[in-house]
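*Asks:* Annotated signal peptide per Swiss-Prot: 1-19, in sequence order, evidence recorded as sequence analysis. Swiss-Prot lists 20-544 with the feature topological domain 'Extracellular'. The N-linked glycosylation site feature in Swiss-Prot is assigned to ASN266, ASN337, ASN429, ASN478, ASN483; the stated evidence is sequence analysis. According to Swiss-Prot, the feature domain 'Fibronectin type-III 1' maps to 325-435. According to Swiss-Prot, the transmembrane segment annotation covers 545-565. If you look up Swiss-Prot, you'll see 622-885 marked as domain 'Protein kinase', on the strength of sequence analysis. Swiss-Prot lists ASP747 with the feature active site, proton acceptor, giving sequence analysis as the kind of evidence. Taken from Swiss-Prot, the feature ubiquitin cross-link covers LYS892, and the record attributes it to similarity to another entry.
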Amino acid sequence: MGPLWFCCLPLALLPLLAAVEETLMDSTTATAELGWMVHPPSGWEEVSGYDENMNTIRTYQVCNVFESSQNNWLRTKYIRRRGAHRIHVEMKFSVRDCSSIPNVPGSCKETFNLYYYESDFDSATKTFPNWMENPWMKVDTIAADERFSQVDLGGRVMKINTEVRSFGPVSKNGFYLAFQDYWGCMSLIAVRVFYRKCPRVIQNGADFQETLSGAESTSLVASRGTCINKAEEVDVPIKQHCNGDGEWLVPIGRCMCRPGYESVANGTVCRGCPSGTFKASQGDEGCVHCPINSRTTSEGATNCVCRNGYYRADADPVDMPCTTIPSAPQSVISSVNETSLMLEWTPPRDSGGREDLVYNIICKSCGSGRGACTRCGDNVQFAPRQLGLTEPRIYISDLLAHTQYTFEIQAVNGVTDQSPFSPQFASVNITTNQAAPSAVSIMHQVSRTVDSITLSWSQPDQPNGVILDYELQYYEKNLSELNSTAVKSPTNTVTVQNLKAGTIYVFQVRARTVAGYGRYSGKMYFQTMTEAEYQTSVQEKLPLIIGSSAAGLVFLIAVVVIIIVCNRRGFERADSEYTDKLQHYTSGHMTPGMKIYIDPFTYEDPNEAVREFAKEIDISCVKIEQVIGAGEFGEVCSGHLKLPGKREIFVAIKTLKSGYTEKQRRDFLSEASIMGQFDHPNVIHLEGVVTKSSPVMIITEFMENGSLDSFLRQNDGQFTVIQLVGMLRGIAAGMKYLADMNYVHRDLAARNTLVNSNLVCKVSDFGLSRFLEDDTSDPTYTSALGGKIPIRWTAPEAIQYRKFTSASDVWSYGIVMWEVMSYGERPYWDMTNQDVINAIEQDYRLPPPMDCPNALHQLMLDCWQKDRNHRPKFGQIVNTLDKMIRNPNSLKAMAPLSSGVNLPLLDRTIPDYTSFNTVDEWLDAIKMSQYKESYASAGFTTFDIVSQMTVEDILRVGVTLAGHQKKILNSIQVMRAQMNQIQSVEV
């Protein structure tokens, strides 16, 4: 059982290295008398003797076997324990065989006893401690394995016994040893006192220092190891146990070399991966050679950077070879059929070393002249799709007739986005043939009588030439189409007469060009009036005719009165203010049934406007919780509102600072008078006001994410394009509502737009732009014509003439679009306000922000038309954004750096890196100065090293925002391209 048990002992319990023994006392090293204390004096005797190697040593012997009452003690000198908890005693001695002594009494013994006595200092005397078992502590009775006889003495044969005993725990500063003899005949040749400790060892990647053994033979003293240089703990804290014999047992846990370092010298050293090799993860595995087309720039690399012109996709593992962009597709074949086209091609000669090759089709319409080509509209259809084609063919339809097109077939793969260069492409030029117009999409009923119906329709989406005329086909619904009648019309409106009363008719229309008729539209059903309906409509119109006449008369009188009043006032008010006020009176007739905004400053008593449009709230219903900001008139707080019978809601509370003037109070509450007239999901909602107690408050719904510009900057790069378009659509819908009410905002900007927890954007800050004349602290607003104007957001006619209209709000909305797509970047960057005015006067416009779809930038440019009459209405903007949301593919085409638009764009390209002396200057130029220290501490201090940075390197220096990562990576890619250009010139 014993041998079998030993074979099955777990390896973890076997000692790793031999114990270290530290000697406290060794009698063999004495060069003079030992001077140990004996009792009685006739007992032990110190003599010179020889060890087994015949070296002279000092020994003690005793042999009083023929004497009576033998109790002989031998006590060592004071021995200091030096921190040891368990003491070991090695004794070498010889014992005479009692049977070999002639006439020996029966009391002869062949053993002796070992004792110890602890003391904090050397306190022993001739009589202390007492020469008896108590106070001494007995260790053991020592017996000899071998005894010598008279024969051995004659032959000079030495039979020396060696015994080791241990005792503990010891706690005092030192101790004495004592040897007791009872009628024995023996010689104590050597005594060595020592303690054991576990040696310093490097095991499992950790360094364990020397550790004293425990106080008991079964003790296990835990010792924490420290990982060797460039290693880290795995799983659990690493430790081993030192047993009572000074042996390491039970190792737990381990350390492994960090990424970039491999284990050498039997696991005692973590060495940095040599140049040309790398190690990506922590572990025992060694460094491996860099994949193809990659290299390392220093020792200890965790990955290999791609060589110039080669890249690694975000999803590629680090041990994958670096690849490059594919070459252009080959052998393009085109087949044109009227206004459709089939394109086929063969794959590129070089796929770049990757298997994820796909194709993108870029369609450009070049018209029939020699003008610049523009991207095709959304009406062109691509089958199976325009982007991400896996097969080398595509069918394109719904092209315009007699039109020249250029199609670029781009070859792209997983690293195309990593390259600073545009994808390689093959292009083909085609001209479409003559084709008939497309079908009319929809018809509208303009009016009807008992015997006639007037219809109108829009032009076909693709007329494919000049529309010569239209043919309208109609028949009674309950009859066959064979009974149809055709009517021709040179315009898109026709009145069909001689119809039956109260009858449903089916109508279809088609357009004609020189190429012939197009397809009929879908069937539309319209019904003539019955006689009863006709009589009823006549009776209903009679009061309307009388009322309209009366209203017209009242309107004329009102205009005359206004003119007289204005003349009497001698044009006391400025032209812009008069125009604004007159607009409120004269535009009401434009949208019947539509609520019209009323300027509170037209009230003789502005407090009356507050009472009319804002609900008074009792102060007891309002609970202010914390200050979240400061406004023009006082603090902005968050809190709760609990109205009787309603649930408690979270609200924002604007307070009027103490010491206000009556004018400040009136101006403060005017915003509530304005806001209280609005009710739209994309316009901030007024809950009410507190005017009958102090402080005066305006209470609105609470918007959790605060102002849009700050929110975007805090979440740079975190949203999809569709999410951003959704935000823009909300702002446009709110502005359409305000424009329909004839309200001009004057200060539309991302800072004046609030965002709630559902990313719903709401227009806010109403009427405050009227009072900015008193605010000299905000550099956003610059003096112009006696007032303060936010130059960067304001239309040129409003800057020059203070002519604010819904069209000038559209200009501001275009700037808001730019702010949203750039994640809150400052419009016109660090240009001065005067430089902005000059640039706009010279027809310069902002370029597309990074990753901005072309369709969105084109909409911005439409908003920035110099002629305000050419700018889109907010309703048109909402419709355009709705189309983009319904057709996300329209947002995939990114705006080029140099747009094909007529307006020149301000240059905000990345400057040449050679114009900078240091990496810090380069970071300043790309507005990433907050990462200077991180770059320096990580060793990225030269342009050569920076140009080789990868996404992993950028993450390692602490750039965690996706937008910042993309901006830095784009700049590095441009830097590489500039370096390659310089190298090619040098060659």
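Just so you know, the numbers here start at 1 and follow the chain as drawn.
Glycine too: its Cβ is placed from the backbone N, Cα and C atoms.
Neighbours and distances for these, please.
*Replies:* Within 10 Å of the Cβ of ASN266 (N-linked glycosylation site) there are 7 other Cβ atoms, across all protein chains.
Reduced to three states, the DSSP call for ASN337 (N-linked glycosylation site) is strand. The Cβ of ASN337 (N-linked glycosylation site) lies under 8 Å from the Cβ of ASN433, each of these being in the same chain and 6 or more residues away along the sequence.
Mapped onto three states, the DSSP output places ASN429 (N-linked glycosylation site) in strand. Other C-beta atoms found within 10 angstroms of the C-beta of ASN429 (N-linked glycosylation site) number 12, with every protein chain shown included.
The DSSP secondary structure for ASN478 (N-linked glycosylation site) is coil. Long-range C-beta contacts of ASN478 (N-linked glycosylation site), restricted to its own chain and to partners at least six residues apart, with a cutoff below 8 Å, comprise ILE504.
Cβ contacts within 10 Å of ASN483 (N-linked glycosylation site), excluding its own Cβ and spanning all protein chains shown: 9.
Mapped onto three states, the DSSP output places LYS892 (ubiquitin cross-link) in coil.
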*Asks:* Per DSSP, ASN483 (N-linked glycosylation site) is which: helix, strand or coil?
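*Replies:* Once the DSSP labels are grouped into three classes, ASN483 (N-linked glycosylation site) ends up as helix.
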*Asks:* Looking at the recorded positions ASN266, ASP747, LYS892, whose Cα is closest in space to that of ASN483 (N-linked glycosylation site)?
*Replies:* LYS892
*Asks:* Within a 10 Å radius of its Cβ, which of these recorded positions (ASP747, LYS892) has the fewest neighbouring Cβ atoms?
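*Replies:* Per-residue Cβ counts within 10 Å for the recorded positions ASP747, LYS892 bottom out at LYS892.
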*Asks:* Could you measure between ASP747 (active site, proton acceptor) and ASN429 (N-linked glycosylation site) for me? Cα positions, answer in whole angstrom.
*Replies:* 48
*Asks:* Measuring Cα to Cα, how many angstrom lie between LYS892 (ubiquitin cross-link) and ASN266 (N-linked glycosylation site)?
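*Replies:* That comes out at 56 Å between the alpha carbons.
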*Asks:* How many helix, strand and coil residues does the domain 'Fibronectin type-III 1' (325-435) contain under DSSP?
*Replies:* 3 helix, 50 strand, 58 coil
*Asks:* Give me the CA-CA distance between ASN266 (N-linked glycosylation site) and ASN429 (N-linked glycosylation site), in Å, as a whole number.
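*Replies:* About 68 Å separates the two Cα atoms.
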*Asks:* Restricting attention to the domain 'Fibronectin type-III 1' (325-435), give the mean pLDDT.
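*Replies:* 88, rounded to a whole number.
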